[in-house]
Amino acid sequence: MGKAENYEMYSVELGPGPGGDMAAKMSKKKAGKGGGKKKEKLENMKKEMEINDHQLSVAELEQKYQTSATKGLSASLAADLLLRDGPNALRPPRGTPEYVKFARQLAGGLQCLMWVAAAICLIAFAIQASEGDLTTDDNLYLALALIAVVVVTGCFGYYQEFKSTNIIASFKNLVPQQATVIRDGDKFQINADQLVVGDLVEMKGGDRVPADIRILQAQGCKVDNSSLTGESEPQTRSPECTHESPLETRNIALFSTMCLEGTAQGLVVNTGDRTIIGRIASLASGVENEKTPIAIEIEHFVDIIAGLAILFGATFFVVAMCIGYTFLRAMVFFMAIVVAYVPEGLLATVTVCLSLTAKRLASKNCVVKNLEAVETLGSKSVICSDKTGTLTQNSMTVSNLWFDNHIHTADTTEDQSGQKFDQSSETWRALCRVLTLCNRAAFKSGQDAVPVPKRIVIGDASETALLKFSELTLGNAMGYRERFPKVCEIPFNSTNKFQLSIHTLEDPRDPRHVLVMKGAPERVLERCSSILIKGQELPLDEQWREAFQTAYLSLGGLGERVLGFCQLYLSEKDYPPGYAFDVEAMNFPTSGLCFAGLVSMIDPPRATVPDAVLKCRTAGIRVIMVTGDHPITAKAIAASVGIISEGSETVEDIAARLRVPVDQVNRKDARACVINGMQLKDMDPSELVEALRTHPEMVFARTSPQQKLVIVESCQRLGAIVAVTGDGVNDSPALKKADIGVAMGIAGSDAAKNAADMILLDDNFASIVTGVEQGRLIFDNLKKSIAYTLTKNIPELTPYLIYITVSVPLPLGCITILFIELCTDIFPSVSLAYEKAESDIMHLRPRNPKRDRLVNEPLAAYSYFQIGAIQSFAGFTDYFTAMAQEGWFPLLCVGLRPYWENHHLQDLQDSYGQEWTFGQRLYQQYTCYTVFFISIEMCQIADVLIRKTRRLSAFQQGFFRNRILVIAIVFQVCIGCFLCYCPGMPNIFNFMPIRYQWWLVPMPFGLLIFVYDEIRKLGVRCCPGSWWDQELYY
């Protein structure tokens, strides 16, 4: 994470372990919850690795690995080591069989509830069949329908999971196939997985590093660690040990990184899973996926539903036994009540709502791999964001210039309209010439029509930035170079820390040469004796050195990478045309040069990021930067994008302002805090948690993959729902551990993408804010959909309760309930997913996962016992009306059930003395089913209208803003008409044609529901915080 020339990953302890093994000491980290070998192994992997191979002399390395730095290992020893250590490959964890993955999709919270309901239906069917009381196959049909719903939604979920691949497979793609090895003094090619520790290997530009290598010889070798760290800045590799950390030092090349240029020879010090990338692979695959908040909410909801279903069922089982029913009959009643209480359509509703939101997010460059992650986006309270490519553009850009004793802001736009300095200045012309000529980068051919910022450049990041800036200011940088032919060049190296080239001048009448140099500012300045000011060479005295130092510190303090530039005209007398410049003999001057100026570069923030961070702050979401970059650069970028807000100070800032030592400052006075990897390594978990609690604005720099994982766990320990962004292989463990992992689609490695739950196709942090908004909206709308879905459970349940306790003919059948749950009500409940937000949801704080539940007590009470009760009254009113108009008055219906269901009784008399056969009574019962069905549907139209809002009036929200909902209501009514009046329905699905006036009976109840809810919302709006608000706002 983050762009940096150096990158710290693990700590170092002096002293090799016995037997050639790496030191086993680990920095102490707090163990996570739970026990077991797997958990202990994961905790050990989180700890920092300690090796010292980079600090040993060549002789000590030869002794440690029983090898030769010139001839390599013997073939026999190599064979023994391969047998002992195994192949140089990443060992994948035991894969999960596909059938197990599919089975998991069938065993979620709601799925289990529906499996139980299906089993109960089958048991009830079997009991009825055994008693010879099987007048209908409704229970069998209901069981089959429930199983079908679970299987179909399970297939959908499995398809979503199937699209993502195993994390370890992406690491395999990083492993090189071949390696050049020297054994017994002979050089040959072998498969990379046959390498062992102690092998002497060679690599060149274009090769992947075949293992963790200690460099013994190198010529201009540079490696690209982007596959490991996500960074694009090339890293120089040489035999010298330059730092105590193996990742800071230049004499270690890491497994799977790319050798960009030059050649190198070295000894293998780690292979396979013992390499750095091997440890990261093991760490990522060992991290278990956390339950998403929505999964936790659904489990909580299932617990409520199951508890209430069993409570109601047990209550009426006891009542049935007391009334005099047989045990088996009472058990059938118990099962019927439990099944009636299960919201069969809810699983499909939740799945479809999440899928619709995922589709909306995909249109906004956010691809969601896990449907449950959609809601998690809205729940998150902390974002641990990578810097490079996420907050920044992942492209080094010239930002500031210092010449003529002034710092100028560079304009990198196409039209150069913002360039404020005088481009006719002789000093500027000289500086521009140096940065153009002393540059090895080149544009890829055939890009003349491509805008300069988007052109592909062959070269490293810094030289690319300089070339593009030169192209924008001069107009044709490549053509400009051709006018100054290069006759000699010394490439940049870690020893000299400068790059030098000598050119002939463009004027054929001027036979002189010009020497141009760029490099580390202090190294360039020490080779200069004069400075160019307003086109004149002035002596580089103490005054100008102080001016240089002030400018250098000012630019460096901005977290920018600074380069110095100088030049020297070589006299014609000493260096005539055709002079043989020799870079080995250095037969030309490299001192007494003329300093031209400084140029600073930075990977600039994306233009949309500051606004996105501000929106996060407004929404109560904390943004933490976690990067591998230098602390100064990290702090500068954090301040520029708003992660560290204006006026916020770190402990160091306060100490500098008060001019006191840092240890005299109260850390709690600092709102912001920047912690580097070395400091983090020395902190125990409680100290890290305290730092996160104390400082609202946090930046972590120079962090390792293990440390990123620890940071995520610490945030979760504070009760936060954590999102992590990343693009490198090193990010994959934290991405998997987070509540939601967000990978970059353009710059992201395959490992990061596979570990993540969501992929940003445009690599833009602002897209995450879009995801937050959609996630919050879907949580609100899921609440509305669930409230709508649950309401009809009561009018579906009460017919069975009255049927058992009062013994009336059954008002509503199982098949009719299925049509309500899985047909007519699905469309309105899904249409609520399209509802617009009632207010600016991005001005609300993230929901508290322990307090703000998807299904809370007010929602259940209001849906079940208020709106649901009104719907039940509507259904029974229509039911008794239909029975009375056919001759069965309400009082006669009480206790009628045993006679009504007796298929041997063919002359049962109604209130008018008319005799009814069993077949006629059965058709009348189907008519009652249909009437009750229509009553529920008419009331549900009012219910879906009131569910459009939870606080605002429906008039404020607008009835027709959600066109999908209007279409769903029309479709619902059409289905109801079709089921009632389509020929053949009585024999197929037990629906009968009904009188038109029976459609009108429930309408007053629907109006009552609407008015009742408007009164509730008015009270909620007028009395915030009151008893009314607490009990009736869901």
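Glycine residues also receive a Cβ, built from the backbone N, Cα and C atoms like all the rest.
These features come from Swiss-Prot:
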| type | residues | note |
| --- | --- | --- |
| ACT_SITE | ASP386 | active site, 4-aspartylphosphate intermediate |
| BINDING | VAL339, ALA340, VAL342, GLU344, GLU796, GLU821 | K(+) binding site |
| BINDING | ASP386, THR388, ASP727, ASP731 | Mg(2+) binding site |
| COMPBIAS | 225-239 | compositional bias 'Polar residues' |
| TOPO_DOM | 1-97 | topological domain 'Cytoplasmic' |
| TOPO_DOM | 119-141 | topological domain 'Lumenal' |
| TOPO_DOM | 163-298 | topological domain 'Cytoplasmic' |
| TOPO_DOM | 319-330 | topological domain 'Lumenal' |
| TOPO_DOM | 349-782 | topological domain 'Cytoplasmic' |
| TOPO_DOM | 803-812 | topological domain 'Lumenal' |
| TOPO_DOM | 834-853 | topological domain 'Cytoplasmic' |
| TOPO_DOM | 877-928 | topological domain 'Lumenal' |
| TOPO_DOM | 949-962 | topological domain 'Cytoplasmic' |
| TOPO_DOM | 982-996 | topological domain 'Lumenal' |
| TOPO_DOM | 1018-1034 | topological domain 'Cytoplasmic' |
| TRANSMEM | 98-118 | transmembrane segment |
| TRANSMEM | 142-162 | transmembrane segment |
| TRANSMEM | 299-318 | transmembrane segment |
| TRANSMEM | 331-348 | transmembrane segment |
| TRANSMEM | 783-802 | transmembrane segment |
| TRANSMEM | 813-833 | transmembrane segment |
| TRANSMEM | 854-876 | transmembrane segment |
| TRANSMEM | 929-948 | transmembrane segment |
| TRANSMEM | 963-981 | transmembrane segment |
| TRANSMEM | 997-1017 | transmembrane segment |
Other same-chain positions with a Cβ less than 8 Å from the transmembrane segment (98-118) and lying at least 6 residues past its termini are 142-144, 146-147, 149-151, 153-155, 157-158, 161-162, 295, 298-299, 301-302, 305-306, 338-339, 342, 344, 346-347, 350
Cβ density check for ALA340 (K(+) binding site), other Cβ within 10 Å (all protein chains) comes to 24
Long-range Cβ contacts under 8 Å made by the transmembrane segment (299-318), restricted to residues 6 or more beyond its ends, are 109-110, 112-113, 116, 330-331, 333-335, 337-338, 341-343, 786, 797, 801, 804-805, 853-855, 860
Cα of ASP727 (Mg(2+) binding site) to Cα of ALA340 (K(+) binding site), in Å and rounded, measures 49
Within 10 angstroms of the C-beta of GLU821 (K(+) binding site), the count of other C-beta atoms across all shown chains comes to 26
- Contact between the transmembrane segment (331-348) and the transmembrane segment (963-981) (3 or more Cβ pairs under 8 Å, separation 6+): no
CB neighbours within 10 A of ASP731 (Mg(2+) binding site), counting all protein chains shown, number 35
If you measure between the CA atoms of ASP386 (active site, 4-aspartylphosphate intermediate) and GLU344 (K(+) binding site) and round to the nearest Å, you get 43
Those same-chain residues, other than VAL339, ALA340, VAL342, GLU344, GLU796, GLU821, found with Cβ within 8 Å of the centroid of the K(+)-site Cβ atoms are ALA117, LEU142, TYR341, PRO343, ASN793, ILE817, LEU818
**Asked** Considering pairs 6 or more residues apart, do the transmembrane segment (854-876) and the transmembrane segment (929-948) have at least three CB pairs under 8 Å?
**Response** yes
Students should find that the Cα atoms of GLU796 (K(+) binding site) and ASP731 (Mg(2+) binding site) sit apart, in Å rounded to an integer, by 50
Discussion item. Is it true that the transmembrane segment (997-1017) and the transmembrane segment (783-802) have 3 or more CB pairs under 8 Å, sequence gap of 6 or more?
Written reply: no
Per the Cβ under 8 Å criterion, with at least 6 residues separating them from its ends, the topological domain 'Cytoplasmic' (834-853) contacts 293, 296-297, 300, 356, 378-381, 615, 618-621, 719, 721, 769, 772-773, 776-777, 779-781, 784, 948-952, 957, 961-962, 964-965
In DSSP terms, the topological domain 'Cytoplasmic' (834-853) comprises 4 helix, 0 strand, 16 coil
The number of other Cβ atoms within 10 Å of the Cβ of GLU796 (K(+) binding site), counted over all protein chains shown, is 28
Rounded mean pLDDT within the topological domain 'Cytoplasmic' (1018-1034) lands at 90
